[in-house]
Amino acid sequence: MNRKIIVANWKMNPQTLDEASRLLDGIAQGFKDADSKKLELVLAPPFPYLYESKKRLPRGIGLAAQDVSFSERGAYTGEVSALMVKNAGCDYAIIGHSERRWKMGETDETINLKIKQALAAGLKPILAVGEKEEGADLTQIIGTQLAKALDGVASLEDITIAYEPVWAIGTGKPDTPDGALSAALLIRKIVGNIYDNYQSENLSVLYGGSVNADNVKSFVFQNGINGALVGGASIVAQDFTKIIKLILNM
Ligand code: PEP
């Protein structure tokens, strides 16, 4: 079995550092003695918890920021730079999450700048793409999102793409395994056209959208999907541990 990647997007949860520490410790316990050849686990807590998370995380679990600034530095109140999160211990950064695109008005152009900032700081971007409406033209929407986000990016070596249909996020209504797979294959085809076959075949593509312990296997054990981006089911240690164990026991 190829190594699977599970990314936990905690979004704006939990509300206190104590709770965050308990959640992290619970997840780490569930991952204890895990075979790292089977699973790469990455946690994405909110910014204020990154330093403490890095201190508590056992080796073998990666840390991601949920976003980075479009700018390297400067007078941008409220922004957090890629280098700051790198220095806080992050290996990855989620970029272009649909909640940022649709609730915060983030554009493909801004996402492109963020990808470049992340790469320049030594972070591995997890680029989220996906359509807002079920049944929309995926070739057009994802094609544009990828072309614009990756404009001027020389290589996909450090980039992971997460296919996240917006209508499936946080709704309890996931895509079908077939739908997720055909979107993942479409993503590979699009990046194959932008880059080359080697990069397309070696790209990690995740599925995200209402993944839980009951459905995770149906998504991630298909050739062409390398893992999952998990939101709601990642903020309860017991639920998330179930997901981890299902992957490890395959
Ligand atoms: C997400 O936050 O990217 C996500 C997929 O959330 P959920 O699993 O809750 O749908």
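Backbone N, Cα and C atoms are what each Cβ position is placed from, and that goes for glycine too.
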Among GLY30, GLY170, GLY179 - the residue TrEMBL places in the same substrate site as ASN9, TRP10, LYS11, SER210, GLY231, GLY232: GLY170
Cβ neighbour count within 10 Å of SER210 (substrate binding site): 19
Packing count at ASN9 (substrate binding site) (other Cβ atoms within 10 Å of its Cβ): 26
Set of same-chain residues at least 6 away whose C-beta sits under 8 angstroms from LYS11 (substrate binding site): PRO46, GLN66, GLU99, GLY231, ILE235
Of GLY170, GLY231, GLY232 (the binding-site residues), the residue whose Cβ has the fewest other Cβ atoms within 10 Å: GLY170
Close-lying binding-site residues around ligand 1 among ASN9, TRP10, SER210, where CB distance stays under 6 Å: ASN9, SER210
Integer Å distance between the CA atoms belonging to GLU164 (active site, proton acceptor) and SER210 (substrate binding site): 10
